[in-house]
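A.B. asks: So that we are looking at the same thing, I have put the structure below in structure tokens.
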Amino acid sequence: MAKGKFERTKPHVNIGTIGHVDHGKTSLTAAITKYFGEYKRYDQIDAAPEEKARGITISTAHVEYETANRHYAHVDCPGHADYVKNMITGAAQMDGAILVVSAADGPMPQTREHILLARQVGVPSIVVFLNKVDQVDDAELLELVELEVRELLSKNEFPGDDIPIVKGSALAALEDSNKTIGEDAIRELMAQVDAYIPTPVRPLDKPFLMPIEDVFSISGRGTVVTGRVERGVVKVGEELEIIGIRPTTKTTCTGVEMFRKLLDQGQAGDNIGALLRGVDREGVERGQVLAKPGTVKPHKKFVAEAYILTKDEGGRHTPFFTNYRPQFYFRTTDVTGIVSLPAGTEMVMPGDNITVDVELIVPIAMEEKLRFAIREGGRTVGAGIVVTIKE
């Protein structure tokens, strides 16, 4: 099946497969590429290259494909630990996920953990593929598994009753052995993904935010802060807030430059220098953010989901306990914080993923779903994401 070049005119959505080991995530990924992309064999996807995100090595396979309506980038991870790390670090951002559940086994421990993680890290929506239906002869049993999956999703605050569940066999699709549960099911799955997973809001359409990386003073012109615009647009003449570390202050952007050229605006993805009115060199520092007034607030206390590196990954060799005080690296700077473990958890071992309470010593511009690294003296020992802000 010859395919032309991907047209970038369609809306772009990032998705991934999640679910228990051996339930068929990689086979399903291969089957989708067979009908909607450049066909990748199972073993081509399974031999996933390693990449680094926030100082953590993760194996992820990336494939792309398109339906009539959208272009998709799809991530599949070979090992369970890779999923945990990927979801917490956001190495491959997911706008939605396809949960793969074997009809023969029903939901298993990693099914539960991936759904919980998806909730914690804010994967907005899930579509279910009930795989290996050819291994179940009893229609009632199939119905039971479907009910169990819906209950599990509802328990984790996903709309379990409304989520599309497509039944099929990834293997049948790959082997062309049964069109109904093979090709037809894969096409039905992608139709549901198209319809049910919303197109994400582009960074450009969100309110302006830029983490400050550096501060310069230019004689006769004032103070310039540099950084990469994370989202939104800033126009010359707009009022902005400087947030984090110190009390929030207001300023006006009197100039934007990029590659030494003056522009009338800077937008998401641009590396810019912003000239600020009425701010002296000492009034602003790396680690603060520049943002549209009233859109983001500084916070110190939050609940986080975190993954702690193993010794082999370059992490700690020993467990830690309540009152552990590492640095939390948010956007461009380290801030010391105190960790409190949940009741009943005595210690955290390298390789664990956990939910913890954190209190920073100074406030940082923070929103739910903001990601961070956990460091000790500049060495990454973990990664996390803000789940809930407390104050």
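Don't overthink the numbers, they just go from 1 along the chain as shown.
For all residues, glycine too, the Cβ spot is worked out from N, Cα and C.
Bear in mind that the values here come from a model prediction, so they are computed numbers and not experimental data.
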A.B. asks: So which range, 40-43, 48-51, 76-79, 104-107, gets flagged region 'G3' in Swiss-Prot?
C.D. replies: 76-79
A.B. asks: Swiss-Prot tags one of 3-10, 19-26, 331-338 as region 'G1' - which one?
C.D. replies: 19-26
A.B. asks: Out of 131-134, 199-202, 343-346, let me know the one Swiss-Prot marks region 'G4'.
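C.D. replies: Region 'G4', as annotated by Swiss-Prot, spans 131-134.
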A.B. asks: Can you dig out which of the ranges 55-59, 135-139, 225-229 Swiss-Prot describes as region 'G2'?
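C.D. replies: That would be 55-59, the stretch labelled region 'G2' in Swiss-Prot.
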A.B. asks: Spatial neighbours of T26 (Mg(2+) binding site) among the binding-site residues C77, H80, V133, defined as Cα within 10 A: which are they?
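C.D. replies: Cα within 10 Å of T26 (Mg(2+) binding site): C77.
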A.B. asks: Same chain, outside the region 'G1' (19-26) by at least 6, Cβ under 8 Å from its Cβ: which residues?
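C.D. replies: Tertiary neighbours of the region 'G1' (19-26) are 42, 45-46, 61, 76, 78-80, 99-102, 105, 107-111, 114, 129, 131-132, 170-171.
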